[in-house]
Amino acid sequence: ENYCLQAALVCLGVLCHSQAFTMERRGHLRPSFHGHHEKGKEGQVLQRSKRGWVWNQFFVIEEYTGPDPVLVGRLHSDIDSGDGNIKYILSGEGAGTIFVIDDKSGNIHATKTLDREERAQYTLMAQAVDRDTNRPLEPPSEFIVKVQDINDNPPEFLHETYHANVPERSNVGAYDRGDPSACIVGGTSVIQVTASDADDPTYGNSAKLVYSILEGQPYFSVEAQTGIIRTALPNMDREAKEEYHVVIQAKDMGGHMGGLSGTTKVTITLTDVNDNPPKFPQSVYQMSVSEAAVPGEEVGRVKAKDPDIGENGLVTYNIVDGDGMELFEITTDYETQEGVVKLKKPVDFETKRAYSLKVEAANVHIDPKFISNGPFKDTVTVKIAVEDADEPPMFLAPSYIHEVQENAAAGTVVGRVHAKDPDAANSPIRYSIDRHTDLDRYFTINPEDGFIKTTKPLDREETAWLNISVFAAEIHNRHQEAKVPVAIRVLDVNDNAPKIAASPESFICESDQTKPLSNQPIVTISADDKDDTANGPRFIFSLPPEIIHNPNFTVRDNRGSYQGSYAFREVEMKNKWLLYYRAQ
């Protein structure tokens, strides 16, 4: 491969030498660049070398606003003797409109103002022909007209306005003492702004940009070469100021005098960090709750203020001490960021009239970077007063059981119920019987002292238990009343004689010597008594006096039974007997 490359280069060199030799011997179309030595013109004069002209481009300054067309250059052929027989022709981009040629002299002029940012160069073709026949005297030659840049475009930012965020209390960097607006090391990066310049970056400093800050010091700085905005002031506090307006300038010519500039506005918002603990606005909260309140009822609210926002400002509440920890609880209302004190168990004004709680408010999320600002919690004292409520009377017992003997005379005292007003006022109590539970009106009650009495004799055999209800109401407020059940037992007395069952009829056979009937039971009799067992059975059975001396029959007591039996004393019986008996 190396040998092939060397051979190709040798051939190319021979070809170029041959072409140069041919050009030297024949007439040649050459350009002339008019330099500063020509009056009123700008440009360059190329000196002819022994081997011919070397050329391929012209230059013209953009944005020329003079009264005369700009002379771009001159074409001249070596065969032109100056007799006017040669005509120069120009073709290509802009020929005839932007660029015109004097067909006799070969001078090329630009007739319009050129803008490099619209078009940087033009490709044209020049040829010398016979003026009479238009016969080409030389092959056409191509050349380029380049538009030379001037600093006519100011820098432009990609956006007219920028918006950026940076956390409050962000780190800052070091600065150039000669230019405090330029951050050179460190500092928290906020945003990078970028400007562009339409001028030629390869020619001079027309497009070399330098960034600087016009507004927003001393809070922010900008890197001169990159346009990166950084924090410049330590401990910027969002709670003190949240939004900053910064103006950044981009200047060309490397920032030197005479350069063009453009500006943009940057709105920088400090985002929140948890750098503030919650704080109660007061040291003591006063609350009250009625003793009639039920568990779960709200007692009051406390609120610790945290200037942070979002999750950084979330606060949770807890009861950490106090004599009411068992009776009260606190929950967090995350919508209002308040602590809601609620009743956990019923309270009693007559037992305890005031409680004290120690409530703590603490941040939910803590940033370790700012732990030195802590502790991120605060405490407050909550004093709760218990208010007296008009409570109904309270019976001393949840129920009562009394006893009274049956057949007791009307007005006999059965027993007493007792209630009192639990309020501090200790209102007098009035008693009454719920008549729905005493439809027969067996009882009456003294409205002042609660003694219950009978209104008529009671029969245990008819009803052994009577259940009534008694009301107790405050004398000044009949709506405040209580109710208690009273069970009354009717005690038995021996007021009922035994009752013998229906008389049985029995038959016996006449006795003989082989089967004696003596002392054999022939019938069993029974009796019943409505009284209780203490006053009823067991019974004593006997024959009535008129036949007690009858030698033929006896009555045997079965002891412990409700029954008795007859038995013969005699072995022989020839008559039919009608017997009478009694039980007691």
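Using the three backbone atoms N, Cα and C, a Cβ is placed for every residue, glycine included.
Pulled from TrEMBL, these are the features on record:
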- 77-157: domain 'Cadherin' (DOMAIN)
- 158-280: domain 'Cadherin' (DOMAIN)
- 281-395: domain 'Cadherin' (DOMAIN)
- 396-500: domain 'Cadherin' (DOMAIN)
- 1-20: signal peptide (SIGNAL)
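Within the domain 'Cadherin' (281-395), the DSSP-based counts of helix, strand and coil residues read 10 helix, 56 strand, 49 coil.
DSSP labels the residues of the domain 'Cadherin' (396-500) in these numbers: 3 helix, 47 strand, 55 coil. Mean pLDDT for the domain 'Cadherin' (158-280) in the predicted structure: 88. As a summary of secondary structure, the domain 'Cadherin' (158-280) carries 3 helix, 59 strand, 61 coil according to DSSP.
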